[in-house]
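Please read the structure below before turning to the comments.
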Amino acid sequence: MKLEIDFIDEIGNMKEEHYKLLEELLATAADYESVNEGSELSITFVDNERIREINREYRGKDQPTDVISFAMEEMGEGEIEIQGADLPRMLGDLIISVPKTIEQAEEYGHSFSRELGFLTVHGFLHLLGYDHETTEDETIMFSKQKEILDAYGLTR
């Protein structure tokens, strides 16, 4: 396993099988993206109200969303980059709304596991610096998502 993943279930309904799926899927994504062994991230599972609060506070959007990524490697104004030998790479934090995941799985006609995997890979790519602000960036990011999900075998 290339990644150290800290799962935090704030709503208490995630199962061990979900964690196993995400560990394997993110190992595939880490291989695709040549992420260093021992890199770390956290994934927190929340309800719609909690993700709405986070979305409002950090993104200025007063509505629930499916996944929010907080990349540790994005330098904010006035921050100093920490250099150190053999420190694990801290990728960041993903916040995933479980109710939104269920809702979108039903809307798109696929399983909860498929939607959870999709959102996790999407957020993971954001942690690595990918974005979809422009058409060109969106094409790159979304094709990476599809490649990773297909390679793992998590298709619609």
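Glycine is treated like the rest: Cβ placed from N, Cα and C.
A C-beta separation below 8 Å, combined with a sequence spacing of at least six in one chain, links HIS132 (Zn(2+) binding site) to GLU138, MET141, PHE142. Under DSSP, HIS132 (Zn(2+) binding site) is assigned to coil, being neither helix nor strand in the three-state scheme. TrEMBL lists HIS122, HIS126, HIS132 with the feature Zn(2+) binding site.
Within 10 Å of the Cβ of HIS122 (Zn(2+) binding site) there are 22 other Cβ atoms, across all protein chains. Taken residue by residue with DSSP, HIS122 (Zn(2+) binding site) is part of a helix.
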